Amino acid sequence: MSDDQIHWFSIVNSLMIVLFLSGMVAMIMLRTLYRDISKYNELETQEEAQEETGWKLVHGDVFRPPSSSDLLCVYVGTGVQFLGMIVVTMIFALLGFLSPSNRGGLMTAMLLLWVFMGLFGGYSSARLYKMFKGTEWKRIALRTSLLFPAVAFAIFFVLNALIWGEKSSGAVPFGTMFALVFLWFGISVPLVFVGSYVGFKKPAIEDPVKTNKIPRQIPEQAWYMNPSFSVLIGGILPFGAVFIELFFILTSIWLNQFYYIFGFLFLVFIILLITCAEITIVLCYFQLCSEDYLWWWRSYLTSGSSAFYLFIYATFYFFTKLEITKFVSGVLYFGYMLIVSYAFFVVTGTIGFYACFWFTRLIYSSVKID
């Protein structure tokens, strides 16, 4: 095993990012919530007051359902399913139930947990769907249970066919494929439906402020508030927080070293959670202050864009660390990294979305609107 010191350095480095962001979030909270919600001091200059009230002006539009809200519900549900799987797997690994030297054990546990977490996935997507005034919960349940697994399975199937073509013993046998499909359609899909049913039966989440009938016009935005720019900026910090640990994980997957340090991994995961939540809240606040109320998708993509950096890093790793010359092996590497990046996108996006959801509800519920 490699030296522990590097991990400590990486954790201290990530904690610096977290502290910096926490400071920003705390400042925003104090500025907006306390200064805005208690009446303005008369001494304040007009400009400052103008800058501060930006987010209050859009109160009538902030909870307007976004475009393609169905897809957002599906993605959030999938993310919750993933988060549940990751947290439970990590706790088991920390307690020593899953030994990394038994590689298949970890993978099997993750697949089984993914299947059973379908309950929570269905529940959260249906709750969100009902909040968006949706009526066809069965459609959402079906899409939640099929969207991510279908993409992952398609890539996996193609890769497996390539390995079969090479007559390799590493190919997944047909029986196992069948077992996977059974787990997916026999257990996961019904559980997502059960979760959705329960979630849809609950009363809808109430918005803290009323939504206006006519959408407000969004003023011209500065270049740095451009959606694509702020989304790409938002992904850098969460990626930076996990970047060193990622190197070790990639090495353990592709270069046959074992990964034993689940304690570190758990710490890094918690840091990732906090970073994703905070960077999204900060950017969401700036966005609302410049009177742009389209935060639903933006909050998901802001932290989710770290997956884009993850894939770029995986590409860099391929060309610098691995000596793979065969075409099929290269395709395998990129295929699997694509699935991993997609999963990472869903997880980080969901964290960002829920952070923003909580934040907007908090600030708008404490404002008295005439």
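Using N, Cα and C of the backbone, Cβ positions are placed for all residues, glycine too.
Within the same chain, residues 237, 240-245, 248, 261, 264, 267-268, 271, 274-275, 278-279, 281-282, 285 sit at least 6 positions outside the transmembrane segment (6-30) and bring their C-beta atoms closer than 8 Å to a C-beta of that stretch. The transmembrane segment annotation in TrEMBL covers 6-30 (among others).
Feature annotation from TrEMBL assigns transmembrane segment to 72-98 (among others). When Cβ-Cβ distances below 8 Å are used as the criterion, the transmembrane segment (72-98) is approached by residues 66, 105-106, 109-110, 113-114, 117-118, 120-126, 128-129, 132, 134, 140, 143-144, 147-148, 192, 262-263, 265-266, 269, 296-297, 300, 343, 346-347, 349-351, 353-354 of the same chain, each at least six residues removed from its ends.
Residues or ranges marked as transmembrane segment in TrEMBL: 104-126 (among others).
Taken from TrEMBL, the feature transmembrane segment covers 146-165 (among others).
Residues annotated as transmembrane segment in TrEMBL: 177-200 (among others).
Residues 2, 6-7, 9-10, 13-14, 17-18, 21, 100, 261, 264-265, 268, 271-272, 275-276, 279-280, 283, 298, 301-310, 313-314, 317, 321-322, 333, 348, 352 of the same chain sit 6 or more residues outside the transmembrane segment (231-255) yet have a Cβ under 8 Å from a Cβ within it. If you look up TrEMBL, you'll see 231-255 (among others) marked as transmembrane segment.
Beyond the ends of the transmembrane segment (261-288), by six or more residues, the same chain brings 4, 7, 10-11, 14-15, 17-18, 21-22, 24-25, 28, 32, 54-55, 58, 62, 86, 90, 93-94, 100, 225, 230, 233-234, 237-238, 241-242, 245, 248-249, 295, 298-299, 302-303, 306, 348, 351-356, 359-360 to within a C-beta distance below 8 angstroms of the stretch. As annotated by TrEMBL, transmembrane segment applies to 261-288 (among others).
Long-range contacts of the transmembrane segment (300-319) within the same chain: residues 72, 75-76, 227, 230-232, 234-239, 243, 246-247, 250, 276-277, 279-280, 283-284, 330, 333-334, 337-338, 340-342, 344-346, 348-353, 355, each at least 6 residues beyond the stretch ends and with a Cβ under 8 Å from a Cβ of the stretch. The transmembrane segment annotation in TrEMBL covers 300-319 (among others).
Long-range contacts of the transmembrane segment (331-359) within its own chain (CB-CB distance under 8 A, at least 6 residues past either end) are made by residues 72, 75-76, 78-80, 82-83, 86, 148, 151-152, 155-156, 158-159, 162-163, 234, 238, 254, 272-273, 276-281, 284-285, 295-296, 299-308, 310-311, 314-315, 318, 322, 324. Among the features that TrEMBL reports, transmembrane segment is placed at 331-359 (among others).
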